[in-house]
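If you check TrEMBL, you get these features:
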type	residues	note
DOMAIN	18-233	domain 'Cytochrome b561'
TRANSMEM	21-43	transmembrane segment
TRANSMEM	63-84	transmembrane segment
TRANSMEM	96-118	transmembrane segment
TRANSMEM	138-158	transmembrane segment
TRANSMEM	170-194	transmembrane segment
TRANSMEM	206-224	transmembrane segment
REGION	255-288	region 'Disordered'
Amino acid sequence: MADAKAIAVPNARTLGTAVRVLYIAITIMLGVYVGYSSVHNVIPDYVSYGGAQACFACDNGWNWHVILMSLAFGVISTESILAFKAPLVDHKPSQMWVHLAAQTLVGVVAVIGLVAIIQAKIYSHSDHMYSVHAWTGAIALLLYFLQYVVGLLAFVVFKRGLAPHALRVVTYWHAALGKLTFFAGIGCCINGWADIQMMMMSGQPTYGSATLLASASAVAYWGLSACMCQLMLVNSPAEEAALRDARIAAALDRKGSVTGGGSSGGADTPSDATDGSPMAVQQHGYAA
């Protein structure tokens with residue numbers, strides 16, 4: 001039976017690079033969508049059925065919703081997770097502040113995107129909260145604000161006041177809610193592109209540029225979520241370093257136990273700097 005350790009899996013840095021390439025591709029496709037919808041006047045033809053509505057405001061509101069929500073959950077939220085799992089800087093406090101800044105920006109951008117779609121629906125006399133996309137979006141926003149408040153209170157406001165056990169519990173739930181938020185946001189973006197595809201295909205060929213653009217965007221989101229899922233399963237560079245140090249310390253501890261047990265004194269006995277305990281051996285190993 002093959003050893004599980006022999007299975008080759010991409011490391012965090014490789015996966016992080018793949019994720020960043022994918023969200024850059026998503027951003028480019030957003031730009032293509034804006035150009036396409038402007039040329040073909042997609043949105044007003046679809047939603048402004050109530051008569052002589054303010055189609056310009058409706059068009060802008062709808063497009064801003066697409067752009068801002070895609071950036072919030074497809075790009076900025078992704079980078080907030082990469083700040084720890086595949087960081088561009090190795091300084092731990094800097095990673096925390098990048099994560100906090102990115103998460104805060106997600107909230108700001110998402111709220112503006114939400115206001116944009118509400119405005120667009122009001123102008124077009126369109127119904128609210130009837131589609132799968134709307135309800136999954138509401139769930140994603142609810143999860144986002146819940147995990148943001150938990151993280152802000154635990155790691156910023158009451159950082160020094162929590163007991164170690166409470167901090168571990170809060171850390172677990174913040175991370176769990178963060179993962180749920182990310183995948184809910186990606187799922188919402190995918191079914192949002194399904195809605196957009198139906199809008200863009202009005203009067204267009206079945207296998208035309210509108211279909212290809214929406215489908216390619218959805219595939220990019222699926223690829224992004226797949227890479228992020230794998231990234232969450234592997235150790236970050238900091239976690240790998242900690243495990244490597246722990247293995248070195250354990251090896252030194254075993255070596256110290258063997259040499260200490262085989263002699264009552266002399267050269268084979270651990271020195272005063274290393275008394276044979278795991279902590280002392282670990283400190284000795286780091287000093288070396």
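Every residue, even glycine, has its Cβ placed from backbone N, Cα and C.
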For this session: Using a Cβ distance cut-off of under 8 Å, indicate which of 96-118, 138-158, 206-224 has the most pairs with the transmembrane segment (170-194).
Result: 138-158
Problem set entry | Same-chain residues near the transmembrane segment (63-84), Cβ under 8 Å, at least 6 residues beyond its ends | 16, 19-20, 23, 26-27, 30, 33-34, 37, 43, 95-96, 98-99, 102-103, 105-106, 109-110, 112-114, 116-117, 120, 137, 140, 144, 178, 181-182, 185-186, 188-189, 192, 196, 221, 224, 228, 231-232, 236, 238
Seminar exercise, completed: Given the transmembrane segment (206-224), its same-chain partners at Cβ distance under 8 Å and 6+ residues beyond its ends are 19, 22-23, 25-26, 29-30, 32-33, 36, 40, 74, 78, 186, 189-190, 193-194, 196-197, 200
Exercise. For the transmembrane segment (138-158), what are the same-chain contacts with Cβ under 8 Å, counting residues 6+ beyond its ends?
Worked result: 73, 77, 96, 100, 103-104, 106-107, 110, 114, 129, 167, 170-171, 173-174, 177-178, 180-181, 184-185, 187-188
